[in-house]
Structure formats: structure tokens, C-alpha cells
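Visitor: Handing you a structure now.
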Amino acid sequence: MREPNVVAWNAVLTACLRGEDVKGATDLFDLMPFKNLTSWNVMLAGCMKSGEVELARKAFSEMPMKDGVSWSTMIVGFSQKGYFDEAFGHFRELRRVGMTLNEVSLTGVLSACAQAGAFEFGKILHGFLERAGFLWMVSVNNALLDTYAKCGDIAMAGLVFERMPQKRTIVSWTSLLAGLAMHGHGDEAIQLFHEMASTGVMPDGIIFISLLYACSHTGLVKEGCTYFDEMRNVYNIEPSIEHYGCMVDLYGRAGQLRKAYEFACQMPIPANAIIWRTLLGACSFYGNIELAEKVKLKLSELDPYNSGDHILLSNVYAVAEKWKDVAAVRRSMNDLKIQKTPGWSMIEVDKVMYTFLAGVKQDDKIVVEAYEKLKEIMLRLRLEGGYAPEVGKVLYDIEEEEKEDSISSHSEKLAVAFGIGRLCKGKKIRVVKNLRICRDCHVMMKLISDVYNVEIVVRDRSRFHSFKDGFCSCRDYW
């Protein structure tokens, strides 16, 4: 082309980014003799999609003019990539400069609240949405419902659902049902499913995943099997790999490990690593060494470098005090250069998110403060609650005192200790964790809720645990 115009340049730029050639797109972008707003927005979206957050941030700061698409791209991108504070910050700045809000930016910032567990920020947003008249949008209501459910307030999620001014979509029903499942309200989830069916809304495959998940997390094995059959025979929905995974999880959590293994072996589609990993987790929980070794062989073929699989097998051996086998697993991890996924927990205090890492004793004053408070809490729990650390799951054949140090630095303990030190009396402590909560932390949270007369809500990677008066909402089934 002798004189390519800006449309032509944008077309080539889009092609580079769709082909995930970020370097080529960046070089091309620098060569462009003229750029319009579309050029900048294409670059922003492409960088965010490719995970090049810093490049997107740089481009955004250099933009001569920004529109609603530019701001929405940054807010949604930060939210999807886990940069929650940046998503909140850009939303505040968007409002400060007087830019018109749109559906995408609103659902994007609500999504960030949901993922981060930023309950207080979500409540403020709710008030703003109501005052500004945005609650007529179904998508915004769905995002708000999802935010409350994932921030640990299923009652408010239900209230948003009941008050929706527009006709509820399948997304609305699915969001609430998934929330009930995450909170361990299996019977309520089943009731909601029947209510949905009575309104004429046809269930899809996604809502059946949430329904089976709800049955799995409350031990409703018979009901789960019934709905799995109904999905095929009544609603003509062919099960996907996710549905089969839910069934393996259903049997595994209930301790029916042999049945779960046979189900996985007899599936009409090959079981993937996630399904075998689910079963390995159940074997670890119930201490079935023989089956755990079989399942680990399957995982070694499908995903040999996954750190979690090695850790789960180590847990099985450690509980049985088979330290030579534990050492062999650790050597295997070292030989394969596999690093353990670090545990982290987040807590919101005064609308600011704080993150704590497991076992990392930093000089940061926030971390030091959390450790000091945790020492005080543990001493009080020993004296008043009879707390004794459960060291059985620690992976090394080391002295008891060292084992206690290892489990006392779990990230959720630090986050809760920080919350007790900083939050006002009577405030609910809400923590989001990236891994499954361990048995010792679970016991400790129950004791803290009783001794300190505080309610603690922990969202781990699979469900919610609400601790109050020495009890957990999961009824020790998780």
C-alpha cells in the first residue's frame, strides 16, 4: 500500500495481537505515523489479553485521550489478572475525572471485588449503583449478586436476586445456586433448582455443574447421582468432563474412594489431570496410601510437573509416618525442579486489601504486626481453648517444635491475626485463600471464633467456611 491509512495500520496491529505476537505489535505500534483512539484501545486490549500488564499500563499512561473503552479495558484486565488494588484504583480515578460509567467497567470492578473478597468496597459500590440508577441492568445485578456470594454474604446475594427488577436470566439463577453450593447449603441449592424449573427456565450444563457441586460439598451422594441421571435422561444434556469430575468429587468427599476410582476408570471420555487430582486429594484426606499411589501414577503420565500432586502424595505418607517415602517424593520434586505453590491469603481492612504469604517472615511492619498478634492468639488458645497444633500433615520428619513453627506460619492464620488486631470489635473477619484450608487451621479458626467471640469467614479454593461460636458451617465435611 502506497499510503496506508490509520484503518490499515489498526488492522495489522489487531492481527499481530490476535496472533499473540506482542513484540511485533509493539514494534508496529511504535512505527505508526498516526494513531487514533482505536489504535490505543487495540493495543491496551491486546497487551492485557496476553498478560503484558506493564505494557498496557505504560500505553494507558501515554494515551493523549481516553474514552470509556480505555478505562473499562484497564479495569477488566486488572481484575482478570489478579491486580485487584489497581482495578479499584482505576475505578476511583475514572469517577474522579468524570468519565461516564458503562456496563463493562461496572461489571469489571464488581468482578474484582468478588475475586478479592473485597466486601466493604462491594457494599460501597452497591450503594453507588443504587443511587446512580444502574440497577436496572441485568448484567450489573448478576455481577453484584456474584460479588456478595463470593464475599461470603449469601443472604445479601439472595436479597439482590429477589429484588432484581428485570426478568432473571439463567446467569442469575446459576450465580445464586453456585453461591449456595460454595457456602455448603446443598438443600437450599436443590430447592432453588426446582424453583427455577417451575418458572420455565430451562437448565443448562453449567447450572448442573453447580448443582452437583452443591451435592458434593454437603454429602448428598444419592441426590447427586439422581441429578446426574436426570441431566441426561430428562434434559438431554450430554455430560462434559466437568460433570464427570463433579461425580468423582461427590464419591471421593464421601469417602467412597473405590467407587470414585472405578467411576473415573469407566468414564466414556478419558479422565483428565483435574479429575485424578480431585481423587488424589480425597485419598490424602482419608489416608488411603494404596489408592493414592495408583492415582499418582495416572497423574505422572498426564501432568508430571504439578507441585500439588507431589504434595498431596507426601501428605498421605507423612500422616502414615512413612518418612522414607516422603523423602523420596521430595527428592523427585528437586530432580524435576518442581517448586511448591506458595500459599497466600487476603484480607480487607478499611477498604484496603492486605496479602500474607505462608512461611515468609518479611521485615514489612504489617507482616511483623501479624506475627506478633498471632503469637498472642496462640498462647491464649492454648490456655483457654486447649489448642494443640496438629503436626501430622507437616511433610518433614523433624522435631515437633519445628513442625509447630511450620504450621503456625500458614497465611490464613496471619490474615486472621491481623484482622483481629486491626478490625473493630464485632466486625466479621473475611479471608480469601488460594489453597485448601488445612486441618490445623480449621481447628484453630473454630477455637478463635469461640475464645475471641468473633465470626470468621474463610473462602478457600473450593468453598466457604463460616466459623462462629466454635463451630464451622461445613460441619467438618469439606
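Quick reminder: no glycine exception, Cβ is built from N, Cα and C everywhere.
TrEMBL: automatically predicted annotations, no manual curation.
OK, TrEMBL features for this one:
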REPEAT    36-66  repeat 'PPR'
REPEAT    67-101  repeat 'PPR'
REPEAT    169-203  repeat 'PPR'
DOMAIN    386-478  domain 'DYW'
Visitor: What parts of the chain pack near the repeat 'PPR' (36-66), using Cβ distances under 8 Å and only residues at least 6 beyond its ends?
Guide: 6, 9-10, 13-14, 16-18, 20, 22, 25-26, 29, 73-74, 76-78, 80-81, 83, 99
Visitor: Just to be sure I understand, if DSSP states are collapsed into helix, strand and coil, how many residues of the repeat 'PPR' (67-101) fall in each?
Guide: 26 helix, 0 strand, 9 coil
Visitor: Are there residues at least 6 beyond the ends of the repeat 'PPR' (67-101) whose Cβ is under 8 Å from a Cβ of it, and what are they?
Guide: 37, 40-41, 44-45, 48-49, 51, 53, 56-57, 60, 107-109, 111-112, 115-116, 118, 121, 132, 134, 352-353
